[in-house]
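Take a look at the structure below.
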Amino acid sequence: MTAALVAAPAAATMASGSSGLAAARLLSRSFLLQQNGIRHCSYTASRKHLYVDKNTKVICQGFTGKQGTFHSQQALEYGTNLVGGTTPGKGGKTHLGLPVFNTVKEAKEQTGATASVIYVPPPFAAAAINEAIDAEVPLVVCITEGIPQQDMVRVKHRLLRQGKTRLIGPNCPGVINPGECKIGIMPGHIHKKGRIGIVSRSGTLTYEAVHQTTQVGLGQSLCVGIGGDPFNGTDFTDCLEIFLNDPATEGIILIGEIGGNAEENAAEFLKQHNSGPKSKPVVSFIAGLTAPPGRRMGHAGAIIAGGKGGAKEKITALQSAGVVVSMSPAQLGTTIYKEFEKRKML
């Protein structure tokens, strides 16, 4: 039983009567899809939207709120092509010199937006994601932490049955192509255009890997924070496919943690798609090696339950796929550098 299953009873009790039964059924279906690593073909096709660059047109949902304002200003200063935002009831006004719209559909039609970032409080975040799906925004990045898992089960159920919109998050730092496009809350100044693709369940450990790869002179090609919740829109395998097919990405850092089976699925994916003489070096760190079973460690998805989801099992799976696993997050940069040295890639 993984974090998803642990979340199921709690989420199901949040509703009563027929709505509770419906939510329980959705939970069961989404859990099985996630457990078996299944992605509907249509949703898998949306992986291509994960790659952002200077041409990505971004809107912000929750644009005029405190968080939306602060991080939109940061994005503009970084050079992100932010083209507007939405706040219901404030359409027609301007904010930070950009137009405000009442709906995502209107914002997309008027600006040609290809991505949306969500800074909306937890009770309303799922509705914001659904609004972006309705508007067929290609990439949606939800930063919000604390969204009820029952809400996210419904969102995930819907996501897997369409192929127009790709979701990153929730409860994540976002995505960044250094020097080109920053969507989220990550500190832009530590990033440097380079050769390493980084994908992580942990926001702060992402920044650690970024800083280290910058320090050793390798830099980053694309960094994706997939978030630490049990029901998210993008997992390791989605990002790994992008990294393996991206000529600018020459090495990969994967940062996982206890709970769920995303790391094990990533290991299987790497066995199938990253072997042979042209394979790319992959370095990993798994947080929670000393975590006690049954206790949630920070993220909603970071819990060892039913004897599964432990760090040791994840490390073994990754090593069997040829991944070099660092025992310390402080050594990610030097470890990937040494792998480049071994392969004469410097």
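Residue 1 is the first one shown; counting continues down the chain.
Yeah, the Cβs are placed from backbone N, Cα and C, and that goes for glycine too.
Predicted, not measured: the structure shown is a model, and the values here were computed from it.
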From K90, K105, K108, K182, the one annotated by Swiss-Prot with T64, G65, K66, Q67, I143, T144, E145 for CoA: K90
Fewest other C-beta atoms within 10 angstroms, as judged across K54, K57, K90, K105, K338, which are the recorded positions: K54
Using Cα positions only, nearest of the modified residues to K90 (CoA binding site) (K54, K57, K105, K338): K105
Cα proximity to K338 (N6-succinyllysine), best match among binding-site residues T64, K66, Q67, E145, Y207: Y207
From recorded positions K54, K57, K105, Y207, the one whose Cα lies nearest T144 (CoA binding site): Y207
Same chain, 6+ residues apart, C-beta under 8 Å of the C-beta of T64 (CoA binding site), given in sequence order: G85, T87, K90, H95, V100
K57 (N6-acetyllysine) in three-state DSSP notation: coil
